[in-house]
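Quick look at what TrEMBL lists:
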type	residues	note
TRANSMEM	B:7-28	transmembrane segment
TRANSMEM	B:48-75	transmembrane segment
TRANSMEM	B:87-109	transmembrane segment
TRANSMEM	B:115-134	transmembrane segment
TRANSMEM	B:141-166	transmembrane segment
TRANSMEM	B:218-242	transmembrane segment
TRANSMEM	B:302-321	transmembrane segment
TRANSMEM	B:389-409	transmembrane segment
TRANSMEM	B:421-440	transmembrane segment
TRANSMEM	B:477-497	transmembrane segment
TRANSMEM	B:543-562	transmembrane segment
TRANSMEM	B:568-592	transmembrane segment
Amino acid sequence: MTDTLFGIENMTVEVPTRRLLDDITLLLPAGQVIALIGHNGSGKSTLLKVLARQIPATGRITFEQRELRDWASRDYARRLAFLPQTTPPAEGMTVRELVALGRYPWHGALGRFGPADHAAVARALQECGVADFADRLVDTLSGGERQRAWLAMMIAQEAGTLLLDEPISALDIAHQVEVLALVRRMCHAQNRSAVIVLHEVNMAARFCDHIVALKGGRLAMQGSPADLMRPEALQAIYGLPMQVLTRPDGQPVAIPA
Amino acid sequence: MSRSIRIWLPLAVLLAFGLWWLAAIRLLPLADWPALPFRPDGMSLQQILLAFGLMPRGVIALLAGAALGLSGAILQAVLRNPVADPTTLGISSGAQLTLVLATIIAPGLLEAGRWPVAMTGAGLAAGLVLLIGAQRAFAPVTMVIAGMLVGMTASAIATAVTLAQGQYLLSLVIWNGGALVQQDWSGVRSLALVLVLGGLGAALLARPLRVLSLGAEGAAGLGMNVALVRLAAAALAVWIAACVSAELGLIAFVGLAAPALVRTMGARGIGPLLALSPLVGALILSVCDGLVLTVAGATGEMFPTGALTGLIGGPLLIWLLPRLRGSTPPGTERAEGPAPHLARPRHVLLGLLMLLIAAALVLVWIGRVPGGWTVLDWASFNAFLPLRLPRLIAAASAGAALALAGALLQRLTANPLASPEVLGVSGGASLGYAAIAFALTAPTAAALSTGAMTGAALSLALVAAFVSHRDMPAERVLLAGIAVSALASSVLLAIMATGSPQAWMILAWLSGSSSAIGMSGALPLLALALAVWGIAMAMRRWLATLPLGAGVAGGLGLPLRLARLSLIGLAGIATGAATMLVGPLSFVGLMAPHLARRIGLARAADHVTGAALIGAILMLTADFGARMAGFPYELPLGLFASLIGAPWLIWLMTRSRT
């Protein structure tokens, strides 16, 4: 068993009329690509936002063996980068400027934007394939290009852990594969961790090492992709009969039965 | 939602009715009340006063409040801005301006009543705003800025004329305050008709507005003609507000407060908002009028009710704000088009700096003499320099400071309506100034400055208390500042209505002047403006990240609370210092950042620097205009700043970008 990235004990999130997450206890392993899946409204995004410290929760949550609230905000941002589901309009900002914002946790409000920062920005632009339109305005890009620009900002943050909320929802199939492959490569080659909210079960099974499934605010299952890709497991999660086929190369593929 | 509404609304109804009832009973015991239908010929004087004065007054308070609440709710929905209200589109200011002009130039026009004149002005102002808006498919941000510009320019002219013509216009000042005194039932009849028609229109628009809340793209995707719906909704809201304004005068704040209060009570969605806002608006205005009646019973009629709405609504809004759930951030929409972005902003900034220096040099050198213009020779230049230099420095520094405050606030809140004024700092400063002006028999300049400074500091502390709440969205900070401003302007209007000498002194200060400034005041202000600019430069990364919202900024490890507090504090200090010296000229703070933005200064550092330079140039030129146009008399500084800046910004906004 690898190190623990997040330790979650009895976590509950409530809004006035509803309990979004109900008493979740969970260990997320470090150094892996973790998929958060579940039906709409199952609490995936809420869980991710709690981990990103965007919303408060009760219970005990640790990140790298330290309680979430004990982290200073810039230290936390150096260790962990978060991409929200809907990205706000970046009025009048070029892609390069947006990506450069990702360096904030490193240089802070006053620090010099040094060679290391420039290099990180250039690398992020390259890795996410947005170097060609680095000087275009973010708001003039297509949906997929914009999503990759935001992803590049997150990459430039050079955090050991990436939290991505549906990062591929606006991408075409080629870019979906590309982005997930990029995240997977970065995690495995540079020993980073990623927690990704995904809708696409097959993408989750193919690119992620560890699956966490939520249902109605509770933990439904966690395990390897192989544990997920079973008709019973899928039906338990989504409440829909599913069939699992096997591709010639041995990859399982789930389709609604 | 339902619980607080169930508790508070009946209480407010009881209070409003109780206050009116007390006034009515005081006028005439119940046993003597006239029977229906009312026939004036058979009545005593007291009965007539009740049947044709107090009764229609009670009803018209309800009707006008409801109409304003409805108008505000529609405007906030269509402009997608929680701080929009009927004054946002310049309606009231337009009505005020035509009334002022008609009184002076053609008093005959007023024989048929104020209604037609005021309607013309309101219609012209709104028409101008809609015309500008039409260039951008009535996109909210464009409309809101255009409305503010038209409104500010109109009220600057109106104030200037009022000042120039002095005592004749006192009745207009009272009209501005919105007195609810009635002589018959005609006002009730016309406003009832307006409310019925407006209500029908709002009911028809409810569904399109709900669709529009998806954003222009989503709405267009559902097959809606977005521009048409926006035009219809804005026109309806303008018409309702203009009718109230023409009938009763400028009743401020109800249109903003009623929908905001409804939302703090938890109403969601367009339907409840449109349905409940008129109710709450009616109650606010009725309670205010009830209080005015009570006070009038004790001391005689003194204050126009419209002036007091802020007095009740302001604290109420401040108290309820922490309960406001969910926010409607001003939507940025595709229709606005991508804002320009200069590749080489340095050149533009350098050009602006040169322009500032050149303007300063030229304006020192040339002047007006009886009979014409002259360029000073060396001897008189030396003689004039000590006189002119302090005001030039003061005007430029004040402009820069206000523009910096505006730029910081607009970036912090991501709301194009944010200006130093909405911090409430100017309002607080004005109150402090007024307090000193009334408290001391012969107040010195130092005492007045101290008063203004204390007032500004207090209101800043109040707004900062809001910011320091965890997770307090920018919208609520703006609303808190506006509540403070409304409170302040209520008191000021009430003071104006007394027509005392102090009132004129305050009015003159409000419209701005740099004439009384010596080097000892100018240099510290310059130092302060430079310091604020320097600190803003140090915070440029916060300023770049904050418009992306709390989610992204927090994710990058930005200390949100500290950033908000320090930016609000910085903007407050800049506003306070500038206000102290030249009066509350906050529209420089609104315009200059927009101008900088529209000429393509997009990066945070460039934007802030450009705004400061433009603010300085605007005020420098305005100061020159104020000195020269009415030579040898001085005109209000604010008038010229509006007259120079507003057309420029309107031109930039309507220019097609290709």
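Each Cβ is built from the backbone N, Cα and C atoms, and glycine gets one as well.
Taking Cβ pairs closer than 8 Å, the transmembrane segment (B:302-321) reaches residues 61, 174-180, 248-254, 257, 260-261, 264-265, 284-285, 287-289, 291-292, 295-296, 462, 466, 476, 479-480, 483-491, 493-494, 497-498 in its own chain, all 6 or more past its ends. Only pairs six or more apart in sequence are counted, and the transmembrane segment (B:115-134) with the transmembrane segment (B:477-497) gives fewer than three Cβ pairs under 8 Å, not enough to call it a contact. Three or more CB pairs closer than 8 A are found between the transmembrane segment (B:48-75) and the transmembrane segment (B:218-242), so contact between the two stretches is assigned (pairs 6 or more residues apart). Residues 148-149, 152, 156, 394-395, 397-399, 401-409, 412, 417-421, 423, 425-427, 429-430, 449, 452-453, 456-457, 460, 463-464, 467, 477, 509-514, 517, 521-522, 524-525, 528-529, 532, 535-536, 539, 611-612, 614-615, 618-619, 637-638, 641-642, 645-646, 649 of the same chain lie 6+ residues outside the transmembrane segment (B:568-592) yet bring a C-beta within less than 8 angstroms of a C-beta in it. Counting residues 6+ beyond its ends, the transmembrane segment (B:389-409) has Cβ neighbours under 8 Å at 356, 360, 363-364, 418-420, 422-423, 514-515, 517-519, 521-523, 525-526, 528-529, 532-533, 536, 543, 567-568, 570-572, 574-575, 577-578, 581-582, 585-586, 588-593, 596, 607-608, 611-620, 622-623, 637, 641 in the same chain. Outside the transmembrane segment (B:141-166), and at least 6 residues removed from its termini, the chain residues within Cβ reach (under 8 Å) are 79, 81, 84, 87-94, 96-97, 100-101, 104, 121, 125, 128-130, 132-133, 135, 172-173, 230, 234, 330, 332-333, 336, 416-417, 504, 507-508, 510-511, 587, 590-591, 594, 635-636, 638-639, 641-643, 645-646, 649-650, 653.
Beyond the transmembrane segment (B:87-109), the same-chain residues lying 6 or more positions past its ends with a Cβ under 8 Å from any Cβ of the stretch are 75, 79, 81, 116-126, 128-129, 143-144, 147-152, 154-155, 157-158, 161-162, 165, 168-169, 172, 175-176, 234, 237-238, 241-242, 245-246, 250, 252, 255, 417.
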